[in-house]
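What TrEMBL says about this one:
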BINDING   13, 16, 31, 35  Zn(2+) binding site
REGION    49-74  region 'Disordered'
C-alpha cells in the first residue's frame, strides 16, 4: 500500500479545512485571521469547549471563585 506523505510545509486549516502553506500565514493552525477569529468566537460563545468528566452530561462545571486577598481586610 502506497501512502502519500503530505508536504511538510502544508497544513489543513483548523477553521475551514482548506490546505495552505505554513510559511504563508501568520496565524497557524489557521489559514487566515478570519478563520482564527471565527474559531475564537466559537470558544467565547461556548459552541466548543474542553471536555470534562463527572456530573451529568450537558451540565456545565460549577463556577470557581477565588478568594481575593484584598477582601480579608474588609
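Any Cβ shown, glycine's included, is placed from N, Cα and C.
Between the binding-site residues 16, 31, 35, 31 has the most other Cβ atoms inside 10 Å of its own Cβ, all protein chains included. Around residue 13 (Zn(2+) binding site), a 10 Å sphere centred on its CB holds 19 further CB atoms from the protein chains shown. Sitting within 8 Å of the Cβ centre of 13, 16, 31, 35, and not among those site residues for Zn(2+), are the Cβ atoms of 14, 15, 17, 18, 20, 30, 32, 34.
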